[in-house]
Ligand SMILES: *Cc1c(COP(=O)(O)O)cnc(C)c1O
């Protein structure tokens, strides 16, 4: 029988759960886009967006998903034929590289595989191999949503500085923003790419760029820009329509206003700590399920290199796909597919899955996912270690305290 009726839970790494407060803020008649409540409200978004990323510099919003936000960054960063170094630690690093390459950028790719972070020595070597400083930018994913590998952005900046390479440091924080700690200015990041539908808890449709003064100055003459992608009027436009190159994304903006209010009400350190605790609960459950069952394991061995927004794991083919199907049809929970770990027509594909814990997620939601996963493992006869739920509960108890 199915026990799925009730409120469904989409535990995939984006789009994430939309809070009722965000939905309610979007539930309104179309506003005037020339004057009044909408432009006045938008004025209040910029400081909160910058505080979220840890920057005093600039932010721009595009009406796009994450792929569009990549193109927005590329168009402003580069001129045709410019060189860039992309550091890939999962499918999304490759995605950004492909996007830049297709736009005419000469991309040099360093691939660190699917389970490990950027190797800083290899990065230093690649930068030293460019004494003429032809590499214009270094692009890296903060948390790669496919692998759940997290990179140490401050350490990457440290390598650029130690080598004395002037490339702009550009970070895809689409998954991690609002989940993992981000300190753009402290870490010397020049451009951050974000999107609305992950840690920001808003439907897909807003791409966000955070831009340093240095990037703004260095990119004044980039010739990949077309009028829609040019960040200049979005950052400095005198008229409201120029911020969007046309009609504003009216309802998304009201949703974003509410999500930023929620994040800053909770406080960024508390938001980061909540994500860290829920991630640890998920990791602990997998560790127990996998004890004595080598088919079950987290994708990233070292907890220091795991993102806090999503966990990629393997379960042995075809059990990951069977478990995902079981959870959706019997328990009302949808887990993420394994992305970029194996081709969809490869039987190994059915051995990978991802559990999202990003955005509007709390202890009962994450413990609920883990409990229904364990029910599924039992129903399907997948061998697993016993005691995962009480171990995960102990993590939550310790984090939440008395
Ligand atoms: C989701 C995601 C993307 C792609 O975003 P889309 O909205 O699906 O285009 C890119 N990079 C990272 C790190 C992501 O998590």
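Every residue, even glycine, has its Cβ placed from backbone N, Cα and C.
Quick caveat, the model's predicted, so the values are computed rather than measured.
The domain 'Aminotransferase class V' annotation in TrEMBL covers 37-342.
Marked as N6-(pyridoxal phosphate)lysine by TrEMBL: 198. Around the Cβ of residue 198 (N6-(pyridoxal phosphate)lysine), the same chain contributes 13, 14, 15, 16, 145, 174, 175, 177, 178, 179, 309, 358, 359, each under 8 angstroms and 6 or more positions distant in sequence.
On its own chain, residue 354 (substrate binding site) has 12, 13, 145, 146, 148, 310, 311, 312, 313, 335, 336, 337, 338, 339 as residues at least 6 apart in sequence with a Cβ closer than 8 Å to its own Cβ. Taken residue by residue with DSSP, residue 354 (substrate binding site) is part of a strand. As annotated by TrEMBL, substrate binding site applies to 354.
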Confidence summary (mean pLDDT) of the domain 'Aminotransferase class V' (37-342): 97
